[in-house]
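Quick notes on the structure that follows.
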Amino acid sequence: MAVDLIFLPLIAVLGACAGSVVNVLVWRIPVMLAQPHNRDFNLCLPRSHCPQCKTPVAWYYNVPLAGWLLLKGCTACCQQPLARRYVLTELGLAMLSLLLACLLSSEVLLAAGVLFSALLVGLLLTDLEHMLLPDMLTQPLLWCGLLLALSGAGPVSLESAVVGAVTGYLVLWLLYWVVLLVRNKEGMGHGDFKLLAALGAWCGWHMLPSVLLGAALLTLACMLAARIIHQRSLQEAIPFGPGLAVSGWLAWLFAIHQSLVW
């Protein structure tokens, strides 16, 4: 898609806003799951506040990227450092949105790609921080992939998306039970099944071997890096979701390239 230069700043802003929403989801969803009966805490309430002293945050400090610059990386109320994850997520999704604008062939694919990227980043961060892949993110990812295939605007047919979703779930479900029976321990969480099912819906069944291979290699590389740098045991649990998310994102772009070539 040939993007006019005048639209690139707008696309970057929308990407940063998506990153801001992801930050909210990553922070609030685990708390909501841990406190299911707390009706005073949801995606909207209470309003954003300082993690240190609980002082409400002024609306202009919540503006993506600009708020971080205004605060100079510290809270306005008690001058405590803010986690870099917030600004890096907003900046990262802004850059991914610009990259997608240059690579994708239509506005529909661009919108879908930004949504796909945002949900995957949310899942990646949640799994890294909490070893959790919540249904509140995996299920919308799955249904959006199926709807994109149904619309005909995506890189795969509806049949391929449905088969990919079912196959993706069953492959890891079977692997889970094999590991459990052989080693008497869980090799992965149920969220991994659902994430691979969602990636199957977006990428099609034919991309699942590549997604799994890429995810396994990325996870192995992270395990070895953690062993070398932080002296972590290779037996220590490491989330599989981030590897699936990165591998799935790349596989979707490759699926689009294949659909254009064919």
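Glycine residues also receive a Cβ, built from the backbone N, Cα and C atoms like all the rest.
Heads up, TrEMBL stuff is auto-annotated, nobody curated it.
Here is what TrEMBL records for this protein:
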{"type": "DOMAIN", "residues": "13-102", "note": "domain 'Prepilin peptidase A24 N-terminal'"}
{"type": "DOMAIN", "residues": "115-223", "note": "domain 'Prepilin type IV endopeptidase peptidase'"}
{"type": "TRANSMEM", "residues": "6-27", "note": "transmembrane segment"}
{"type": "TRANSMEM", "residues": "93-125", "note": "transmembrane segment"}
{"type": "TRANSMEM", "residues": "137-154", "note": "transmembrane segment"}
{"type": "TRANSMEM", "residues": "161-179", "note": "transmembrane segment"}
{"type": "TRANSMEM", "residues": "199-225", "note": "transmembrane segment"}
{"type": "TRANSMEM", "residues": "237-256", "note": "transmembrane segment"}
The transmembrane segment (237-256) versus listed stretches 6-27, 93-125, 137-154, 161-179: most Cβ pairs under 8 Å: 93-125
Model confidence over the domain 'Prepilin type IV endopeptidase peptidase' (115-223) (mean pLDDT, whole number): 97
Tally of residues which DSSP labels helix, strand or coil - the domain 'Prepilin peptidase A24 N-terminal' (13-102): 51 helix, 4 strand, 35 coil
Top partner of the transmembrane segment (161-179) among 93-125, 137-154, 199-225 - counted as Cβ pairs under 8 Å: 199-225
Three-state composition of the domain 'Prepilin type IV endopeptidase peptidase' (115-223), taking helix and strand from DSSP: 92 helix, 0 strand, 17 coil
